[in-house]
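Database features (Swiss-Prot):
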| type | residues | note |
| --- | --- | --- |
| ACT_SITE | HIS65 | active site, charge relay system |
| ACT_SITE | ASP110 | active site, charge relay system |
| ACT_SITE | SER206 | active site, charge relay system |
| DISULFID | CYS31-CYS163 | disulfide bond |
| DISULFID | CYS50-CYS66 | disulfide bond |
| DISULFID | CYS98-CYS258 | disulfide bond |
| DISULFID | CYS142-CYS212 | disulfide bond |
| DISULFID | CYS174-CYS191 | disulfide bond |
| DISULFID | CYS202-CYS227 | disulfide bond |
| DOMAIN | 25-251 | domain 'Peptidase S1' |
| CARBOHYD | ASN103 | N-linked glycosylation site |
| SIGNAL | 1-18 | signal peptide |
Amino acid sequence: MVLIRVLANLLILQLSYAQMSSELVTGGDECNRNEHRFLVALYDPDRFLCGGTLLNEEWVLTAAHCDRRNMWIKLGMHSKTVPNEDEQRRVPKEKFFCLSTKNYTLWDKDIMLIRLDSPVSNSEHIAPLSLPSSPPSVGSVCRIMGWGTISSNKETYPNVPHCANINILDYEVCLAAYPEFVLPATSRTLCAGILEGGKDSCKGDSGGPLICNGQFQGILSWGNDVCGYILQPALYTRVFDHLDWIQRIIAGNTDATCPP
């Protein structure tokens, strides 16, 4: 377990931003089957690996650490065992990383853009998610979702995605929560969670979206091994900071590089 020491005044400050929730199950409740048309599942090759987000008919955004040689993508899925009629399967045609490499750290450049081998069509359970027009503010209530384990004590992977609401927190909270990683003073990541614990993304949710006001703001990168632990939020790659890179790659400028 990660050991943390947070000053009392920092906790009080952040509790003023955080909003209490009635959801008590780590990872939240089963998502409405119609609220995640953009959510995709990455497989490697026979086991579920990560989540991802559909940007348009040909492009998916996820975390760089989810990359595997033989991965494939399922779109339009709700239940792993009861398929939707409009589910589609694709494989990567191309993969793009920051600086044309797979180099990333716990706090920077954990982002991968995947071009599908053929376009997908919008349908009842498939549609893209909007990229952000501005960054989220501290205190924003955001939605997380995925097929990751709903308990970190005993890994339990659901057949259907679970959703929960969490808050954007000041980056200082994550600096205090993970001192052993020596995070930089500033970062292109978002710190998000519930300070009181109880709700969080978890193993298997990596690469999935953080959605604030209907816009795609973050990609789950990493968090504490004990999901939903008090005062230990997760970190998400900040999508807004990578907009130029994303848009240039999609437009055909494959030499585009991420922000420094």
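Here, residue 1 is simply the first one shown, and the rest follow in order.
In case you wondered, yes, glycine gets a Cβ from its N, Cα and C as well.
Feature map: Swiss-Prot annotations on the structure.
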{"residue": "CYS31", "record": "disulfide bond", "contacts (Cβ under 8 Å, 6+ apart)": "HIS78, MET145, VAL160, PRO161, HIS162, CYS163"}
{"residue": "CYS142", "record": "disulfide bond", "contacts (Cβ under 8 Å, 6+ apart)": "PRO136, ASN165, ILE166, ASN167, ILE168, ALA192, LEU210, ILE211, CYS212, GLN217, GLY218"}
{"residue": "CYS174", "record": "disulfide bond", "contacts (Cβ under 8 Å, 6+ apart)": "LEU183, THR189, CYS191, PRO233, LEU235"}
{"residue": "SER206", "record": "active site, charge relay system", "contacts (Cβ under 8 Å, 6+ apart)": "CYS50, GLY51, ALA63, HIS65, CYS66, GLY148, LEU220, SER221, TRP222"}
For CYS98 (disulfide bond), which of these recorded positions sit within 10 Å, Cα to Cα: ASP110, CYS202, CYS227? ASP110
Within 10 Å of the Cβ of ASP110 (active site, charge relay system), how many other Cβ atoms can be counted across all chains shown? 26
Can you give me the Cα-Cα distance between ASP110 (active site, charge relay system) and CYS258 (disulfide bond) in Å, rounded to a whole number? 11
At 10 angstroms around each C-beta, which of the disulfide-bonded residues CYS191, CYS202, CYS227, CYS258 has the fewest other C-beta atoms nearby? CYS258
